[in-house]
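**Q** Annotation comment: TrEMBL describes 1-13, 105-121, 136-147 as compositional bias 'Polar residues'. Here TrEMBL flags 1-35, 101-121, 136-164 as region 'Disordered'. Annotated repeat 'WD' per TrEMBL: 224-265, 458-495, in sequence order.
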Amino acid sequence: MAEGEITNNSSKEGVNENKNNKSCINGTDKTSEKKASMKDPETFCCLLQPGNADSSPDYIGIRRFLLARKAESSSYRRLDWRCNGKGYVAYRNYMRRPRKWEKLQTPSRPSTPGNSGPWNSRSGSFSHLFDAESWNSSKDQRSGSVASTNRSSSLSDSDRPRQRGVEPAYSFVGMHCIFDQCKAAAVTVLKFGHMSSDLLAYGASDGTLVVCSVSDPPSVLKQLNGHSKDVTDFDFSSNNQYIASSSKDKTVRVWELSKGLCIRIIYGVSPQLCIRFHPVNNNFLSVGNANKEITVFNFSTGRIITKSNFDSEVTSMDHDHTGQLIFCGDAQGCIYTASMESRTGALSRSHRYKSGNKLKCPVATVQYRSFSLMTKGPVLLSCTQDGSLSFFSINLESQGYLTLRCSLKLTSRIHTIRASFCPLLSLDKGEYIVAGSEDTHVNFYDLTRPKHTCVNKLQGHGFPVIGVAWNHGENLLASSDLYGVVIVWKRAKTK
């Protein structure tokens, strides 16, 4: 018997019955409430018995019984999730999962080199809901140095039918602009300027460093030539007047952007792999190298202030917002925390997190964030070359002690592919990560989902995507690939 039928019949009886019958029904209502509060199975069996010819069935009692049973079963299911170590967010996502009767009938798209079809996860198909359209014509990408594409995709995220209970994580209206100055050289690293929404720079494997403006119209500001091998990393100063770059040619170069000139060269004895300005005192420049050490230089003089030794090559690093801690990753997959004195620049190792993976792979990304919804405090993201994403909480009172909160295993990579935090959507949304991939897509992941499914992807590159970076305004996402193409994606406005 359906709940809708029960309500209709009960409403009809309420209109047609006289006052005496109303008093009888009210009496049975009170009795049924007392019986529903009991846990006796015989009482429920009596309620489900069909009524006699003289008396009508107690529909109100049956309805209340069914609703009580429904709430009781869901409370048991939530209890089971808690017993398995999962919280309410995991249970809510489980209840919102796509079901067979809720699947949308969307027309199938033919598989082409630029449009590889929907991405299917074990828990359901999401890509046909969240994909940005693929520009599969490589001629449009290679037609000029800067190709501005303010057009949006023919089927934007707002026009697509959405599944009930499923919301897109990030939606994009299309490509904002494309840069391809590197002439088939891999763009190894790219970043937006400090507190800037339109200043973009990227380094390539041919040693060039290109500085661009993504404001309308997009343009190339400077092309910095000087490194003879791969640009491994670079960083903007706090005022965006200087760029410090590291390279496999064993040098660190300091560039003045207004003139486009190299004003200082620091020579090393091994490849320089990562570099960072101190967030508070820009006169300190920290550089990690293949000689298993981090060297702190004086930016003004180029002299060495201090050194700190580690167990393997230092491949990536990042500061906290105060500059008192440095987080770095090495070639064996370990994450280190080092304390730094803001006045003297002295370094001292505090903690080391050693991964349990038997396969030791270099850490490609170490990124710090001062707040997270999952931990209600500072967090750290690391990405290794074997496709392992790790999410740590940071205890600042214990000199940056790291605690692994969750991890995600992606497909193993041949190339060094970077990942990044995504902007916070709101205070009740998940924790999203964006990463490149060797399937030519830019993928978005939600770490709060039980199975960490991919929630969105951007299609447009024709080669493996190596680097990703957000601007300060969080409305533009830049991605670079192995063939030297940089695409700036424009994010849709959120309500």
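Glycine too: its Cβ is placed from the backbone N, Cα and C atoms.
Source: prediction; values computed, not measured.
Any idea what these are sitting next to in the structure?
**A** Break the repeat 'WD' (224-265) down by DSSP state and the numbers are 0 helix, 24 strand, 18 coil.
In the predicted model, residues of the repeat 'WD' (458-495) average a pLDDT of 91.
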**Q** Helix, strand, coil residue numbers for the repeat 'WD' (458-495) per DSSP?
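**A** Looking at the repeat 'WD' (458-495) with DSSP, the answer is 0 helix, 20 strand, 18 coil.
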